[in-house]
Amino acid sequence: MFEHSIKVPRHFKISANIVKKVATEGGSVKNLLYDSKLRFFRTNVIYALITETIKHSADVDKLFEATGILTKEPRLDPWLAKVIATELIFGKKELPGRSKPEETILSYKELFEKVPLPPVEVKSEVRRPRYVRINTNLLTTSDAIGAFQDEGYKFIRCTSGCYDDYLKQIQGLTEYDFTQDYHVKTMFVFHPNTKFHDYDLYLENKLILQDKATALPVHLLAPPQGSVILDMCAAPGMKTTQLAAYIRNQGKIYAVERNEQRYQTLCDFVNKTESKCVTTMHRDSLDIKKGECDDAEYIILDPSCSGSGMQLSIHNYVEDVRLARLTSLQEKFLKHAMNSFPKAKKIVYSTCSLFPQENERVISNVVKSSRAKWKVLNVKELLKGNWNNFGSGMYAVLERDPKQANPEDGTDKEPSKVKKEKMKHQVEEDLEAVEASYAEFNDDEVSKHRKKKKKSKEECNVQKLPNDNTIKKKKNKEADSAAKDTVEENNLHNEESKNSTKKTKKDRENDLAEAISLVPDNNIEDSIVEQKKKKKRKNKENEVEERNESIDVNTNGDGCEPVKKKKKRNIE
Ligand SMILES: C[S@@+](CC[C@H](N)C(=O)[O-])C[C@H]1O[C@@H](n2cnc3c(N)ncnc32)[C@H](O)[C@@H]1O
């Protein structure tokens, strides 16, 4: 028999409260846990209990459903019950006290044990490499390579240009190697164990610890120097500062953040990184109306999400109600981005969630209802099939359809009936593409596709240092020469950029073309230039016809056409 006077152990109560908060309101377990009131409590014990409860949540739900415990015991708090049942069934297998909730759960132990549960999945943990981004406002990539070499790291260069070779190469990096990222040329990749927290370049904000997945949206947005960008959900400022470096502080970035504390973090980060072209705004993005930020041409939309793609499995636990709330907010953001900024021509939507509700469904719902003003580009085509998504979120690239928008005044022409039909058809095709792409993201098409791909005969020029600390400290001459080309490329590129303030649009296009020849893997810019050439030709042919039809063509900015769809879509 239990005794009414016996209290529920405090660690159970605290854990139950946090699990409830994470599931219903969201937020980080660590933040909730390291609340000052708990500072001297056994946080490690509680953290383990919360993690286990979240990990076994689906199984515990099954046990509760099969036994009907929550209906039969209406006074039992379901969150507390979850924590205690997890401890009893999956944790220590015993309970410390004799409180009523503990006794109630114990009385169901035999019934719980009869419920068949799926076998525990043993997941092999894949450790992600350590990515760092060079803040090119403060340090050139060539100087960064030199600095890493001075530290004893060996620069490994993939000469084949083949993505498969690159992937093999990063998997084989030792603790003394580093290489340049395949897509984002200002990023470098190190062994997962590499620590940078005490490293001078990091402390001086020349080196930013940023994961590849969070850097890709800027690469996909690819705004040219001089452009005006709106970052609708900016704090802590990873993408804002990356954008500032990307456009070499030439242009303007509106960085909007609603949360006061996070806004301060954003301002600090912007200052520390010398992201001088950034205007921070402590605002709710959804309150920014036509007439404000009207000059924004490129939009990055990285709204709050469930974070289910983040490494901590703890984030995978999201209540349906919360997910629905997030989805509806994300749709609002996207609609706002698409409709409120007359000059906007490209939007990159990204989340670190893997839930389709926060990704493809947001895109399809919004694009469906947007009268086809925006076209969804195929991310895999933009990356030329070369992105092995490590389960860390999703991206969608939307480009305003130049045939259906009037960039001069930002209004959309009312389309004729025939055109409306065509547009509807186009939207359906686009959505099919998006849905197919996400489906492929979710299954293992990536590896199938890669197997089919013709392998390059060229091998990576991989030269490894022996695993020896003494040798590590010697600067490697061979590596120096391997890096030399990159250094020269970067110097040239940097030299170009110094003169860029006075450049015309034409000059910028030429710069872009040159940059592409300097950086051969710069896939996005590559496809943009190709598309520009095509578009110029096409524009000439269609000029008269289009004028007659009164359809305005987007002639300002980069004017790039959406990437043409192929019959068979390959999306990673
Ligand atoms: C996923 S984080 C953004 C991360 C950021 N883009 C980066 O790369 O560092 C989402 C941010 O959006 C902010 N946010 C949420 N709703 C907002 C709104 N209505 N207006 C402006 N900011 C908002 C949140 O406070 C949070 O800081």
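FYI, residue positions are counted from 1 along the chain as it appears here.
Using the three backbone atoms N, Cα and C, a Cβ is placed for every residue, glycine included.
Straight from TrEMBL, the features:
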type: ACT_SITE; residues: Cys352; note: active site, nucleophile
type: BINDING; residues: Glu257, Asp284, Asp302; note: S-adenosyl-L-methionine binding site
type: COMPBIAS; residues: 410-427; note: compositional bias 'Basic and acidic residues'
type: COMPBIAS; residues: 477-499; note: compositional bias 'Basic and acidic residues'
type: COMPBIAS; residues: 540-550; note: compositional bias 'Basic and acidic residues'
type: DOMAIN; residues: 120-421; note: domain 'SAM-dependent MTase RsmB/NOP-type'
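Note on Asp284 (S-adenosyl-L-methionine binding site): other Cβ atoms within 10 Å of its Cβ, all shown chains, come to 12. Ranking the binding-site residues Glu257, Asp302 by other CB atoms within 10 A of the CB puts Asp302 at the bottom. Taking CA atoms as the reference points, Cys352 (active site, nucleophile) and Asp302 (S-adenosyl-L-methionine binding site) are 9 Å apart. Annotated S-adenosyl-L-methionine site Glu257, Asp284, Asp302; additional same-chain residues within 8 Å of its Cβ mean position, judged by their own Cβ, are Asp231, Met232, Cys233, Ala234, Ala235, Val256, Arg258, Asn259, Arg283, Ser285, Pro303. Cys352 (active site, nucleophile) falls within neither a helix nor a strand when secondary structure is assigned with DSSP, and so counts as coil. According to DSSP, Glu257 (S-adenosyl-L-methionine binding site) sits within a strand segment.
Predicted-model confidence for the domain 'SAM-dependent MTase RsmB/NOP-type' (120-421) is 85, expressed as mean pLDDT.
In the vicinity of ligand 1, defined as a Cβ distance under 6 Å, the following of the recorded positions Glu257, Asp284, Asp302, Cys352 are placed: Glu257, Asp284, Asp302.
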